[in-house]
Amino acid sequence: MGLIQKLQVPHDRTLSYSESFLQNEDLLPVPEEKRTWGYWNFIAFWIADSFNINTWMIVSSMVQLGLSWWQAWICVWIGYGVVSPFIVANARPGAVFHVTFPVVARTSFGVWGSLWCVFNRGAMACIWYGVQASIGGSCVLVMLRAMWPSVNNIPNSMPASSGTNTRDFMCFFLFWLISLPAIWFPIHKMHGCPRHLFTLKAIVVPIAGITFFIWCLVKAHGVGPIIHQPATFHGSALGWGMVSSIMSCISNMATLVTNAPDFASRARHPSAAGLPQLISVPLGFSIVSFFGVIVSSSSQAIYGEAIWSPIDLLGKFLDGEPSHATRFGVWFIAASFIIAQLGTNISANSISAGCDLTALFPRFINIRRGGYIAAIVGLCMLPWNLLKSSNSFTSYLSAYSVFLSSIAGVMITDYYVIHKGHYNVKGLYRASTDGWYWYTYGINFRAYAAYIAGILINVVGFAGATGRTVPLAATRIYEMSFFTGFGVSALVYWSLNLLFPVRGASDCARFEEVDVSATAAVGGRGVEYGARDSEELDKKSMVSEAVRSVRSNI
């Protein structure tokens with residue numbers, strides 16, 4: 001018993017057994033002193049997040065599919081431009097009420113029903129952590145080769161069944177190891193104590209990307225042949241090829257759409273998580289993908305073949321007898337990509353997994369511990385085996401986006417249409433049968449019916465993606481899986497709430513962001529969270545007082 005108590009995180013020991021599974025310090029509303037994210041923090045976050053290997057290569061699959069480079073780039077703009085409003089929409093309740101995704105999910109799925117959604121998102125974050133760490137390991141290899149070329153010839157002592165070799169595993173483990181200190185810092189201090197890492201990424205990585213871009217143009221004496229390469233198909237085939245490419249961008253962001261409240265909960269005021277994200281998401285990802293396609297086009301002029309991976313291209317620069325200047329240039333760019341991968345992994349995966357695992361085991365896990373668990377899972381899952389078959393991994397990601405888009409469809413519909421911005425924050429942490437979010441034994445079966453409906457409409461098309469023969473209509477539906485999953489789940493959830501109204505919905509005649517549980521804290525009325533900046537500034541002290549009241553009385 002003594003050991004179990006030592007493993008527990010600090011928590012209120014007066015809580016009932018069931019309520020101890022609903023809250024800890026990282027699940028409660030974020031207090032004012034930890035709401036440190038302003039406009040520029042959200043812009044910097046997305047610009048930094050966009051600079052990674054996956055974004056650099058995102059156009060490659062589109063060009064290989066048969067699009068011209070400019071058609072592929074238009075798809076990137078459209079894809080990320082379309083997905084950014086979904087990010088902003090789902091981030092809004094987190095920014096207004098200062099709660100993370102696992103808590104926001106309770107409003108629609110129920111205090112216990114939300115756990116399955118949280119598990120889904122947490123599992124995806126752990127998998128992505130391992131995948132990004134594996135890519136980071138390849139950056140480490142190139143950097144070490146630039147310093148000590150003999151690294152490339154390290155003898156292998158690992159069995160073939162491991163799926164890797166001694167050299168590659170060493171580089172993966174080094175990247176994994178240097179990631180561990182960054183997990184230690186709390187989310188609200190991402191621009192504080194570890195600000196040096198993210199400041200470094202925001203400055204050094206764009207410089208390295210531009211340097212790499214110019215270097216390749218000079219080395220190739222131009223932009224290369226891919227820029228002049230026309231599309232290989234036309235008509236409806238071209239149209240559906242572009243739709244598929246757009247959806248690949250959106251599916252790639254499905255995880256971040258779902259857990260958008262995690263970061264928005266730290267916003268100084270709600271508007272900080274609005275327009276900055278709406279603009280910076282398509283802008284950042286589109287610029288980085290443009291660098292990627294031009295550099296790859298240049299590589300075809302240099303080597304006679306298109307090398308889409310920037311790390312593989314840097315490795316090519318080191319073949320033979322490179323000059324000292326070339327080695328230094330490769331070292332600088334590879335080191336910058338290491339910083340890029342590290343920052344992306346911490347911000348997009350480690351923190352997300354930490355928030356989700358905290359909700360699953362709040363008595364024993366906080367965000368920091370959850371981040372370290374994600375790192376351990378990322379190591380044990382042998383992520384390099386996933387990356388061996390890019391087609392299989394891409395199919396897996398597309399399938400998983402269906403699950404997450406159905407969750408987002410329910411959450412966004414509940415906030416904007418069913419409860420119309422009304423929250424009962426105290427009810428989010430209570431397992432009482434008269435609570436707004438108790439529904440039926442803590443589970444909202446309307447939400448689960450809608451969630452399953454959003455998945456089912458894509459099941460046949462997914463079977464076609466795995467190689468089975470299915471009708472063309474099912475394939476087309478699956479190609480738009482994010483929208484079909486989101487749309488069907490939203491429509492079914494809205495319809496079921498019309499037939500079987502939930503507690504609290506009848507009180508929501510108009511959209512008004514208000515915490516009805518904070519009535520006592522502000523003299524007989526709920527706390528209204530206005531969206532306009534002037535209102536936010538006037539009401540800041542009122543909101544802070546309400547949050548303090550909720551934290552002290554839960």
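Placement of Cβ uses the backbone N, Cα and C atoms for every residue, glycine included.
Here is what TrEMBL says about this protein:
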| type | residues | note |
| --- | --- | --- |
| TRANSMEM | 37-58 | transmembrane segment |
| TRANSMEM | 70-89 | transmembrane segment |
| TRANSMEM | 126-147 | transmembrane segment |
| TRANSMEM | 167-185 | transmembrane segment |
| TRANSMEM | 197-218 | transmembrane segment |
| TRANSMEM | 238-257 | transmembrane segment |
| TRANSMEM | 278-303 | transmembrane segment |
| TRANSMEM | 328-348 | transmembrane segment |
| TRANSMEM | 369-387 | transmembrane segment |
| TRANSMEM | 399-418 | transmembrane segment |
| TRANSMEM | 438-460 | transmembrane segment |
| TRANSMEM | 480-500 | transmembrane segment |
Cβ pairs under 8 Å between the transmembrane segment (480-500) and the transmembrane segment (197-218), at least three: no
Contact set, same chain, for the transmembrane segment (70-89): CB under 8 Å, 6 or more residues outside the stretch: 58-59, 62-63, 231, 238, 242, 245-250, 253, 256-257, 260, 273-274, 277-279, 281-282, 285-286, 289-290, 293, 408, 412, 416, 482, 486
Chain residues outside the transmembrane segment (438-460) and at least six past its termini with a C-beta under 8 angstroms from it: 108-113, 117, 402-403, 405-407, 409-410, 414, 427, 431-432, 470-471, 474, 477-478, 481, 484-493, 496-497, 500, 502-503
Contact check, the transmembrane segment (37-58) vs the transmembrane segment (167-185), 3+ Cβ pairs under 8 Å, seq sep 6+: no
Among the ranges 126-147, 238-257, 278-303, 369-387, the one whose Cβ pairs under 8 Å to the transmembrane segment (197-218) are most numerous: 278-303
